[in-house]
Structure formats: C-alpha cells, structure tokens
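Sequence annotations record features per position, and here Swiss-Prot assigns active site, proton acceptor to ASP13. The active site, proton donor annotation in Swiss-Prot covers HIS41. Annotated GTP binding site per Swiss-Prot: 12-18, 40-42, ARG304, 330-332, 412-414, in sequence order. Residues annotated as IMP binding site in Swiss-Prot: ASP13, GLU14, GLY15, LYS16, ASN38, ALA39, GLY40, HIS41, THR128, ARG142, GLN223, THR238, ARG302. Marked as Mg(2+) binding site by Swiss-Prot on the basis of sequence analysis: ASP13, GLY40. The substrate binding site annotation in Swiss-Prot covers VAL298, ASN299, THR300, GLY301, ARG302, LYS303, ARG304.
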Amino acid sequence: MAAIVIVGAQWGDEGKGKATDILGGKVDYVVKPNGGNNAGHTVVVGGEKYELKLLPAGILSENATPVLGNGVVINLEALFDEIDGLEARGANASRLKISANAHLVAPYHQTLDRVQERFLGKRAIGTTGRGIGPAYADKVARIGIRVQDIFDESILRQKVESALDIKNQMLVKMYNRKAIEPEQVVEYFLSYRDRLRPMVIEAELELNQALDEGKHVLMEGGQATMLDVDHGTYPFVTSSNPTAGGAAVGSGIGPTRITTSLGIIKAYTTRVGAGPFPTELFDKWGEYLQTTGGEIGVNTGRKRRCGWYDSVIARYATRVNGFTDYFLTKLDVLTGIGEIPICVAYDVDGKRYDEMPLTQSEFHHAEPIFETMPAWDEDITGCQTFEELPQKAQDYVLRLEELSGCRISYIGVGPGRDQTIVRHDVMQDQ
C-alpha cells in the first residue's frame, strides 16, 4: 500500500491537525516526520478542544499507531507532559512509538536558543525559544544526541561532555552566562529512560513493513512550506524540511511510496513571527480575520499576522511539494465580509511576477496585485456537500482551485471534525 503526506502550504497554522484527525481514523499509522514542540495543532473532537505541540494529531485516532519519526527533535519533558495531559482527559497516548534515530533537545539547546535571540535583538528570527534550531544544528554538526543514546550511559555521557565543551565556551565567553554541568544534563536524560524504553522502535523498518502488508500510513508534516529551511522565506524559517520531500527523509519511507501529497491551505493567509508577508493586513480586516478566525498561536500565544489569500505562494507550494490535492480550511471565516481580495500576482519595482521572485530581496519588496470576488452572507457551518454552499462560496473555491493549480478535495466550514465538505476522498486513491 502507498503512503499519504500532509503538508502546510503557507506559513503554518493552516489546520493540519484537523486534516490529520479526519484521515487518521482511516489509516494504520500516523507519523510526524519533522519538527519538535515548536509546531502546534488544534483538534476539536466531540466538542473537546485539544492543543497538541509535539505529538502528532493522529494520537487522538484510536485506530492508528502514532509515531515520532527520525526527523523529529524531541524534548522529553515536553513529550511526557503532553502525554500525561492527554491521558488525564481520557486519551490513550501511551501507545506512541518513537524512532530510535530521532534526536533529543537538551536543556542547553533551550538555553542557547533564548540567549541567542536576546543577543540578536531587533535582528532576531522570532523563534519559539524551545531549542529546536540548536538541536537541528547539532544534528547536522554530528554532535547531536539521539533517542538510542540514552540507553547506553557511557555513550550518553561522552556525547554530552563533548557537546558542552563547545556550548559552555559560547555561554561563558560570548553571552556572559554560567557554564552548564554535564552531569545535570546526563541525569536529566536518564530520568526519562525507563518510561521511554517501551516506546522506542526501528521506525523505518516497521513503517515499510506495514506498507508491504497493505496497511495505510499517513505522514503529518509540521510547520509549512514557506518555513522550509530550503524552500521557505529564508532566514525566517524553521530548521528542518516540512515539505513533502522532508517527510520521506524524516520517516524513512521512500518517496516512490507516497501517492498522495495533500496540501493544507487557509482561505486567507496567516503568519507568526518575523519575515516578509506580501498580503498582510494592518487595518480592520486584519483584526477581523484575527478575531473571527481565532488566530492565536497554539505554541507561542502570539497573535498571528493576517492577510488575504496569496495564490503565488499556493502555486509555489503546489510545485515544490507535488501536491495532488488541497484541503481548504476556514472558509466560514470569510462569510459576510462583502468583497474578498485574492492576490493573483506581485508587483516588484514596477514589474509583474506571476510566480515567486528569484531573490528574497525581491520578495521583501513584493506588493500584491489583487482581484476581488463577492463574499456570501449565508451561514455555511452546517453545509455537508459542495452543492449546499452558496453559489458565491462555490465560485470562490473554484477560483482558488484554478489559481493554485491543484484540485481542492476538502473544505473546512468550521472547527469541528464533522464540519468538513469532502469533494474527493483521497483514501479512494490508495
């Protein structure tokens, strides 16, 4: 059987958790292939609202085995706090499986993340301060600590001491902070060893064997395309590859086994943190989208920057991810606003760009070129089929589909699991 990958098509917070929750009940495994506890999901099940950070949204699907893949960086304290919080509400979160090759976020990663952001001041990237970037940096520098390392105390101690030889020089001499004792870090990791042990698996083997047996695997990407370290608005990006290609790398599932690439995209656009945002609104409509859409970051609590739909970004995301389908979310937020602007191209210093500009400098100077469509006034939160939507809402969806270069198979008309219109069920393609 083949695999499905879910990818955010904008700057995150598109509603990937809802998509995973809906499809997660139809698959055997739900895998988070990248990121850490810096990417939040909000899932509404049975009227209950769940805010997830490190765990995949599939943790709430009883039929699926949730997996943290090798591309994830794991903060063990955050992991077990999240598990305990879910189980206190009746969820069976202890069935989680974790790749032995996933990297761990150490206390010194978090310290360095916060110190470096303060040091940069106005030049700060706007990270969550959770140590994700420094953990990925150590992974690439080959001085990272993996899940498997905490089961061999001598290796763990050696790796921690080697890492702190470098980190303490930075903390003391560059940032005027106290050195971190290696033993404190070792004890921190060892305190979670026994609880972690039954969860650890050779994920690459188990997932590929599951596919060989005809089972379904869903990969739930964190963050989004425009935050990808290679394809996003660098340097205002995350430290991993939350695109379809990154899902293959971060799970150990080969790219030829992925048959459906499902992009999650809002009916408008949002962004958290610093960085260019061509359609950003600074007027009453920005406040309206923020308030009506509930645009507050799950992880940071920061208000999201809001703007109109950007089809240039959508086309770019379609291209770099090879999207086969789109899941459009929050269509209901646009009800009753009169006219809806859609960005169809950019103007950069008097030149029209229908696709992404070549350089980030040009993107920073991009001004949106809009076309407008009439909004609808009818309540759409109870619509179950595309035909039940008002004609103006149908027209808007079809125009986004045309501009984005990919069919829109799912439409979110409210936060609930059942408030989703299915035009095409991607599970039928498997």
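Just so you know, glycine gets a Cβ as well, placed from its N, Cα and C.
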Of ASP13, GLN223, GLY301, ARG302, LYS303, ARG304, i.e. the recorded positions, those within 10 Å of THR42 (GTP binding site) when Cα atoms are compared: ASP13
HIS41 (active site, proton donor) - helix vs strand vs coil (DSSP): strand
Residue with minimal Cβ packing [other Cβ atoms within 10 Å] among the binding-site residues ARG302, ARG304: ARG302
Pairwise Cα distance for LEU331 (GTP binding site)/HIS41 (active site, proton donor) [Å, integer]: 18
Cβ neighbour count (within 10 Å, all chains shown) around GLY40 (IMP binding site): 20
Candidate nearest VAL413 (GTP binding site) in space, where candidates are the recorded positions ASN38, HIS41, GLN223 and distance is Cα-Cα: HIS41
Candidates ASP13, LYS18, GLY40, HIS41 (recorded positions) - the one closest to GLY301 (substrate binding site) by CA: GLY40
Between GLN223 (IMP binding site) and GLY12 (GTP binding site), the C-alpha gap once rounded to whole angstrom: 5
Rounded distance in angstrom between the Cα atoms of GLY40 (IMP binding site) and GLY12 (GTP binding site): 9
